Amino acid sequence: MAGNNHSHFQHPYFVLTGIPGLEQEYYWMAFPLGAIYIIALFGNGVIISTIKSEPSLHIPMYYFLCMLAFADMGLTLCTLPSMLGIFWFNYKFIAFDACLVQMYFIHTFSAIESGVLVAMAIDRVVAIWNPLRYSTILTNRVVCKTGMAILSRAVCVVFPVPFLIKRLPFYRSNILSHSFCLHQDVMRLACASTRVNSLYGLIAVIFTKGSDSLSILLSYVFILRTVMALASREGRWKALNTCVSHICAVLIFYVPLIGVSVIHRFGKHLSPLTHALMANAYLLVPPVLNPIVYTVKTKEIRKKIIQIFVQTKITAEG
């Protein structure tokens, strides 16, 4: 009977972990953390509003950038409550069902971002390979269908994950390794076989991040072959320069992702501090750095930010 009771038992809540070893510094860390969230939300919000209001940016490349900003804002808002709860109020508890909801949205927005990066790579392929037919190939209808496909894939692939976790019993530790809920982190606390969860998680990663990274790599192989066939050096540099922002966005997303995956798989001997920092970098770095990269490369977005600061200064002085 005891075994049967255990098979259906689940903790009412999980305990989140901030940054191990730095608990005494949480009060001071709360301010830079708050600044990071403000930068992420403000930067991505400016990108979305600028693309919406500026007719010259109503082209596929910037529509995809708008989708990327949407995904980054989603990731930011997913982790905001639990992160600020820990560092500002020292509140480390999250209800079991709330944890599953947070986990679902974190992985969904991460899959959306990965898919958008593929769409942006294909956009660069078309722009460099056949610039004269760029607007006829990537029409608004095609862009809209691409966005819906990216969203549908992410929603459907991640949808079973919370239910696979929900069926597992949890009657030992309820202390997570991070400041938010990730599938692999919650799964390791289960007191039953997680083979199905591990297998589905692997399939989901291969279907999303794995196939996406391969698609991006092949896209840039094709781009390089096309660029190298151009006669003039100036034309080659000009073509490659249009890819710089996207290459930065790909590295910003995939380097922390690969780091987290490697540490979870092979870094069990590493300190909890390393695990926590890598997981935080995986979710916080892209939403902060992507707006900075695209602001540097896009004149209209720079103008919009300057206008906002000027208006804020005038209002403050008035």
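From the backbone N, Cα and C atoms, a Cβ is placed for every residue, glycine too.
Here is what TrEMBL says about this protein:
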TRANSMEM  26-50  transmembrane segment
DOMAIN    43-294  domain 'G-protein coupled receptors family 1 profile'
TRANSMEM  62-89  transmembrane segment
TRANSMEM  101-122  transmembrane segment
TRANSMEM  142-165  transmembrane segment
TRANSMEM  243-264  transmembrane segment
TRANSMEM  276-296  transmembrane segment
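Three or more CB pairs closer than 8 A are found between the transmembrane segment (101-122) and the transmembrane segment (243-264), so contact between the two stretches is assigned (pairs 6 or more residues apart). A contact between the transmembrane segment (26-50) and the transmembrane segment (142-165) is absent, since fewer than 3 of their C-beta pairs, 6 or more residues apart, lie under 8 Å. The highest tally of CB pairs under 8 A with the transmembrane segment (62-89), across 142-165, 243-264, 276-296, is held by 276-296. Averaged across the domain 'G-protein coupled receptors family 1 profile' (43-294), pLDDT for the predicted model comes to 91.
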